[in-house]
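What Swiss-Prot says about this one:
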type    : residues                                                             : note
DOMAIN  : 4-284                                                                : domain 'Protein kinase'
BINDING : LEU10, GLY11, ASP12, GLY13, THR14, TYR15, GLY16, SER17, VAL18, LYS33 : ATP binding site
MOD_RES : THR157                                                               : phosphothreonine
MOD_RES : TYR159                                                               : phosphotyrosine
REGION  : 301-373                                                              : region 'Disordered'
Amino acid sequence: MNRYTTMRQLGDGTYGSVLMGKSNESGELVAIKRMKRKFYSWDECMNLREVKSLKKLNHANVIKLKEVIRENDHLYFIFEYMKENLYQLMKDRNKLFPESVIRNIMYQILQGLAFIHKHGFFHRDMKPENLLCMGPELVKIADFGLARELRSQPPYTDYVSTRWYRAPEVLLRSSVYSSPIDVWAVGSIMAELYTFRPLFPGTSEVDEIFKICQVLGTPKKSDWPEGYQLASSMNFRFPQCIPINLKTLIPNASSEAIQLMTEMLNWDPKKRPTASQALKHPYFQVGQVLGPSAHHLDAKQTLHKQLQPPEPKPSSSERDPKPLPNILDQPAGQPQPKQGHQPLQAIQPPQNTVVQPPPKQQGHHKQPQTMFPSIVKTIPTNPVSTVGHKGARRRWGQTVFKSGDSCDNIEDCDLGASHSKKPSMDAFKEKKKKESPFRFPEAGLPVSNHLKGENRNLHASLKSDTNLSTASTAKQYYLKQSRYLPGVNPKNVSLVAGGKDINSHSWNNQLFPKSLGSMGADLAFKRSNAAGNLGSYSAYSQTGCVPSFLKKEVGSAGQRIHLAPLGASAADYTWSTKTGQGQFSGRTYNPTAKNLNIVNRTQPVPSVHGRTDWVAKYGGHR
């Protein structure tokens, strides 16, 4: 290790930490992965999956393992250095990618994946963080810590890949999955490249399946019988959902892109295309030169000369806490000052002007050599700098597109993303100021974003926009499917609204009282349970409820509750019977009459000379 100088830490994961280093001989920048566990022999080292897989893989779109060093029982992997990962590349942009850029990124990902599968491995952890970039022009697959050989014998472990990119057969605990799980993950990544939002942002494994069903619809038993067997074995039933056209969720994607994503995101792994088959899809047959360009293949030499890393600063990752197995995962981010969200600016999708793709020809695609031009010693003049974290991943529910329109008007939409998955203290204090413990939020107030985890941007999706079309969008769809609405107590909803439908504007209507009525005002009560629970009543009028200090319990018979009189006798107070009683059959209930019979006791027996007259009380002779 004395041949390398470590400069700063790039990341820290479950199995090891990643450092940025420089070769003392050539000055070349490298990424050094230091394993946490100790290795006492070379045989132990060579049995690692990462070593076994990477030493066999040499491809322009697969990260290069330069050497393995064992020193003082510590193991070090020396990798080529890459500027950033795909997640950081998306996060740091304020404009969506044009489709030509997405096509080139997807082509490189599928090229690398096809090479991995061809050599008998599948990755098992495909996600944007494990796709390393030198800008959008060069993408490489990294982190083979979970890779398996295709010929290895199942059962495999059930926990693989990050949840948002996990295939349904893995979510249903299949033990015989294979390379199609990588194709599913690539389909999810492709959708995210168009929108900068995860397509299936589940908060748990079960919620992940719900999110998939909400987009793809409930699978039919005839379409995926193995899936129903897996579901029944773990006592799971698929939720009944109607599929959404991906064009609604990804309006800036061409029809060929939608078709390719639909094929890769098939419930049945046997029906998904392989990576090689996906490369032959018409989506890639547009006459565009795909693959890394020559000067980006040599961009690392530019970094060696121009990139002077700053002093180490603590990175501020604002994403969900996850293991960081990525070997080159995250350049050290520098703390960013709080700033307002910048709306995403859409780039006109190129498919509107591009010529229709020519018919599929066998000879057209068999030009892999042209896709990987020779290395030319040209050095770009633009310096490369590391960019810190600016915000968390953007979510569904913030963008409303006009159906049938292009992305030109995306600049008018509210595309700001929350900078944290946790609620900010400012937002929480603001909510406390605007809400009192005795009332619902006012109709015009925004609902505070204190939901946990993935629902952090739901309140932004609830804002009405009269200028935009009410076409079925991801915002409206997820809102309809939500099991609860923020700021609304479901118990009070069932109490007041009865069987009425609660929609996204529930807190704007008159179902929810804005303030309590005055003490001692006319109180209307209805019988909430005519058959039993004689003492249970619920507030029915608009005047609110009665505080507990105005109530008093009398006796144990029937467990009645009476209102304490406010300056008048009990005879002046009666229960008002309004329309709420009309819906119950049987005789009417007069609580005054019945309760008075219960409360009235026999007159006390007069005492004799100040003592109780037991004979008068119990009978007998004096």
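Each residue, glycine too, has its Cβ placed from N, Cα and C.
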Request  = Find the average pLDDT over the domain 'Protein kinase' (4-284) in the predicted model and report it.
outcome  = 89
Task = State the count of C-beta atoms found within 10 angstroms of the C-beta of ASP12 (ATP binding site), not counting that atom itself.
result = 16
Request  = Provide the number of Cβ atoms within 10 Å of the Cβ of VAL18 (ATP binding site), excluding the reference atom itself.
outcome  = 25
Key: Pairwise Cα distance maximum in Å, ATP-binding residues per record: LEU10, GLY11, ASP12, GLY13, THR14, TYR15, GLY16, SER17, VAL18, LYS33   = 14
Ask   = Quick one, of the binding-site residues LEU10, GLY16, which Cβ has the fewest other Cβ within 10 Å?
value = GLY16
